[in-house]
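Remarks on the structure that follows.
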Amino acid sequence: MADLVSSCKDKLAYFRIKELKDILNQLGLPKQGKKQDLIDRVLALLTDEQGQRHHGWGRKNSLTKEAVAKIVDDTYRKMQIQCAPDLATRSHSGSDFSFRPIEEAYDSFQPEAKVRCICSSTMVNDSMIQCEDQRCQVWQHLNCVLIPDKPGESAEVPPVFYCELCRLSRADPFWVTAGNPLLPVKFVSSGVTNDGTSVPQSVEKSFQLSRSDRETVQRQEYDLQVWCMLLNDKVQFRMQWPQYAELHVNGISVRVVTRPGSQLLGINGRDDGPLITTCSREGINKICLSRVDARTFCFGVRIAKRRTVAQVLNLVPKEAEGESFEHALARVRRCLGGGDTAENADSDSDLEVVAESVTVNLRCPNSGSRMRIAGRFKPCIHMGCFDLETFVELNQRSRKWQCPICLKNYSLESLMIDPYFNRITSLLRNCNEDVNEVDVKPDGSWRVKGDAASRELSQWHMPDGTLCNPKEDVKPAMQNGNEQMMEGTSDGQKSLKIGIKRNPNGIWEVSSKADDKKPSVVGNRMQNNSGFRALNNIMHMSNSPTSSYRDGEDPSVNQESNRHVDLSLNNGNNEFDSFSLNFGQACNTDDRPQQQHNATDVIVLSDSDEENDAMVCPPAVYDNTTTANGSGFPFTTNGIGYTERYQEDAGVGTSGLGLLSNNVDDFEMNNWQMHSSYQQPEQGFQFFGNDTDVHNTFVGSHNSFGLAPNDYSLDCNVGVEEASVTPALSVCRNSNEMHGSLVDNPLALVGDDPSLQIFLPSQPSSVPLQEELSERANAPNGVQSDDWISLTLAAGGGGNEEPAPADVNSQPQIPSTETGIEPLTDAASAFLSTNIERRSGADLNPRRIENIFSHPRQPRSVRPRLCLSIDTDSE
């Protein structure tokens, strides 16, 4: 018997308080008191009954001494499994109770079976749940820790479960638990009364502080803290006190919350744990908590150590240890809608990227300054970030570990550094604070937006921060070194430059190097030594990107409407930028045989949606022969017309191109809106009128161009045997009697419009302005003759002469044959014929002044097709 008592005494001296309490719990004895008191209670069972009466136990324990010894031996064997040192290595002295086993730093209350519940029972049953913390992993009773929201319902098992101590450590990472004098105590709800009010409740507990614990909490970085937590809180990691909570520690009242007692804690609110270091003392301490709340809480007392901001920041994983750069880049691509090309090739997502890049603000949502270290919570699906240091500093006081972008609650262990945006912010550290935006493409490439300290940051970078390869600007090769084309915006009128100069003799000639094929100006005539092959190759540029050719198009749409074009006659490639909309019908030379058009020589231009519209064939041609006096340039049309002719003034210095100034430099003229031509070497043109029934007739004009510089006459075929002679008409005069034929023509101010400077003489013109526009006969196709005008400009002295007889051309309407276009000056002079839409009784619209040479508006259904007949020169 003595050996049994001696063996049990040695084992009891080795036990911790928890093992002693566990033994006393199995024996049915009280578990309060110091460790020596607990040992004495167990040893008393191994002695006589006098010891039991001495300790004041009123009932005799039914267990025998052998049963008590067996319980002690089983407990000792369990501790041996946990690597307890062998008793043989220790002194067998019965009075050796000074040995104190090393307790675990995280939680001293951790049984060998790792079963710890707030109900203080270590029994294992069928309904258990384990903590997910790798350092804890304790098992708890499911019914004790999972509380349903409504009574009678079953509690929902969370996907990730943490015990109350692990939740406490994550609620405020600036406090780390160093000990638990009072383990979690469940504050069970007492229900409500019949009138629906909660029943006041209070619980009183005692905890013991040893001398070492007391000395620890007296240190500056340690404190004794009381905490409380709602078991089924929606915000898992926070403290929360019940309503009307009142706390007393050793009889001293302690305030727990600053909000009113009746106010519930909101979803974004946080409660703090009061510090009771000044209220505690060494030894036994009593704590009492009362409340009026039907919810289930648990509270406890812990020894906590403060952490600094730097220490908390060190808990955040480094950039290399956190998320990989590939995952961060994939998230950015997903958020911008670009995604990975290989993975999302078959994606049918509704998100479409419209902009080439997205502007991302690098300002921290908390501080408003540019982020230094880009931080984020790992579970967040957005790409927004915040400044890591600022976020941690703010949470030292607020204890709200919540994403400022999506407002979801997390813990410190979910905080990380974003590797994608952190590379960008690290490159911007030397920039000014106003540089806080970057443009990010869907593939992850980026550039700094704004004035950066370095020009390299304003260039596009790869996602990893390296510079993108600069794209080389590929300029189209010119067909000829003398041919240049300069593009401009649609903000204003540009100019048309022709490379000609006046020689010392007063004769205009091409201002370039000598060339066998370049045309020369001799005796007021344009001649070409090679049969005028200078205009063989014509490069055409469209005037209307929308192909509508309307005078009311938005200039922002017609980006190609205004260009600088250099027309050089010293090479074989010349640019006709959208010739006049109403330049005649066709061209013909009598010295060439007439040929029928081939299918390949016809180009049909139409913006109609209908595919089977009837084509308008070219009915008439321009006869490229001279008149009786050898100086005519007859134009043949069908309809009522007028012939006006003016002879130039053969003064000194006014040659065939006397309209120009005496400056020896290249002259410059404004570029009017021209109709689009097409790149064919042939010279046949057919344009359409206002009437949908126009088939083989061309709309007549009431006037023609008297081309004074080269002594040309514009002859009109009026459909009768003789030409009609009329008085000279006014030049582009704005009149209400015109009925909209020329809508507020600004050319009425002769000499003011720069577009006509190329046709004005060098001296003041004496052309009388007359007007006779009333009672005119309609053309056979229904278009009134007042719908056609001509700009008659000439040098002084010839304006009052009688017009020469018209060269009437009554030949049948035949297709155009091969011909060569006359020199550029002749063609440019004839390209000003303007067709204006007939609008009976319409008022003049001043808003269309700037579009005097534009094509008239027509509905799509009445706009006929254009048949462009071009004959190829076989030579």
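Backbone N, Cα and C atoms are what each Cβ position is placed from, and that goes for glycine too.
Note that the structure is predicted; figures quoted are calculated from it, not measured.
Some features that Swiss-Prot has for this protein:
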DOMAIN    12-46  domain 'SAP'
ZN_FING   114-169  zinc finger
ZN_FING   349-430  zinc finger
BINDING   Cys380, His382, Cys403, Cys406  Zn(2+) binding site
REGION    796-820  region 'Disordered'
COMPBIAS  808-819  compositional bias 'Polar residues'
### Query
Which of Cys403, Cys406 has the fewest nearby Cβ atoms, counting only those within 10 Å, among these binding-site residues?
Cys406
### Average model confidence [pLDDT] within the zinc finger (349-430)
89
### Query
Do you know the DSSP helix, strand and coil residue counts for the zinc finger (349-430)?
23 helix, 17 strand, 42 coil
### Query
Applying the rule Cβ within 8 Å of the centroid of the Cβ atoms of Cys380, His382, Cys403, Cys406, what extra residues of the same chain belong around the Zn(2+) site?
Arg376, Phe377, Ile381, Gly384, Ile405, Leu407, Lys408
### Message
Per DSSP, what is the helix/strand/coil residue tally across the domain 'SAP' (12-46)?
### Response
25 helix, 0 strand, 10 coil
